[in-house]
Amino acid sequence: MTKLIVGLGNPGEEHEEDRHNAGFWFVDALAKQLGVRFESEKRFHGKVAKAKWEGEDLFLLKPSTYMNLSGQSVGALCRFHKIMPADILVVQDELDIKPGSARLKLGGGTGGHNGLKDIQAHLSTPNYWRLRLGIGHPRDIAGDGRPMDVADYVLRRPQLTEQKLINTSIENGLNILSLFLKGDTQTAMMELHSKG
């Protein structure tokens with residue numbers, strides 16, 4: 001069964017270190033681990049890497065469409081390779097989870113995440129897997145009583161201490177990926193969620 005792991009982010013050097021690109025960081029780390037490279041694929045509106053996982057095809061995708069149009073890329077690749085929504089894992093940044101924590105779930109709402117909204121529209125279902133990497137909320141981090149604009153926050157690089165925590169959650173996500181891809185999603189969730 002062909003699987004797809006999508007990292008969400010914004011293309012371009014100016015966004016490489018933004019919190020909003022945590023999904024890209026995850027699939028970049030996975031590609032390195034698997035020894036594969038991303039290649040630009042215009043027909044899929046993104047960069048694609050193809051690997052084998054226990055004899056099955058595994059695609060990694062970084063949409064080049066900007067976050068809010070990610071569904072265009074995901075939909076094109078899924079239609080071409082006949083990948084079902086339940087075989088998709090979308091890796092995203094999550095404001096409502098503290099840095100260092102990650103959560104795995106199937107389906108659910110978009111939580112205001114425009115990338116997820118667009119993917120859901122293109123797949124015509126919310127029933128795909130999400131790996132939510134905590135980046136924290138600006139109200140928790142500002143500390144000076146003044147609210148920080150969410151859009152401004154996600155488009156900035158994290159502080160060094162936050163980055164280390166996000167990197168830990170990426171490692172934790174990579175560590176449960178084997179369980180997830182084998183279909184042992186309950187154990188994968190328990191292991192990941194026990195990390196914090």
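Here the Cβ of each residue, glycine as well, is placed from N, Cα and C on the backbone.
Per Swiss-Prot, these features apply:
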type	residues	note
ACT_SITE	H20	active site, proton acceptor
BINDING	H15, Y66, N68, N114	tRNA binding site
SITE	N10	site 'Discriminates between blocked and unblocked aminoacyl-tRNA'
SITE	D93	site 'Stabilizes the basic form of H active site to accept a proton'
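The structure, with features from Swiss-Prot marked on it.
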residue : record                                                               : Cβ neighbours (10 Å)
N10     : site 'Discriminates between blocked and unblocked aminoacyl-tRNA'    : 21
H15     : tRNA binding site                                                    : 16
H20     : active site, proton acceptor                                         : 22
Y66     : tRNA binding site                                                    : 16
N68     : tRNA binding site                                                    : 13
D93     : site 'Stabilizes the basic form of H active site to accept a proton' : 27
N114    : tRNA binding site                                                    : 15
Determine, to the nearest whole angstrom, how far the Cα atom of Y66 (tRNA binding site) is from the Cα atom of N10 (site 'Discriminates between blocked and unblocked aminoacyl-tRNA').
5
What does DSSP assign Y66 (tRNA binding site), in three states?
coil
Relative to the Cα of N68 (tRNA binding site), which of the recorded positions N10, H20, D93 has the closest Cα?
N10
List which of the recorded positions H20, D93, N114 have their Cα within 10 Å of the Cα of N10 (site 'Discriminates between blocked and unblocked aminoacyl-tRNA'), in sequence order.
H20
So which recorded positions are near D93 (site 'Stabilizes the basic form of H active site to accept a proton'), with CA atoms within 10 Å, out of H15, H20, N114?
H20
Using DSSP and collapsing to three states, where does D93 (site 'Stabilizes the basic form of H active site to accept a proton') fall: helix, strand or coil?
strand
Neighbourhood of the tRNA site (H15, Y66, N68, N114): other residues with Cβ within 8 Å of the Cβ centroid, in order?
N10, H20, T65, M67, L69, S70, G115
H20 (active site, proton acceptor) and N114 (tRNA binding site), Cα-Cα, nearest whole angstrom:
11
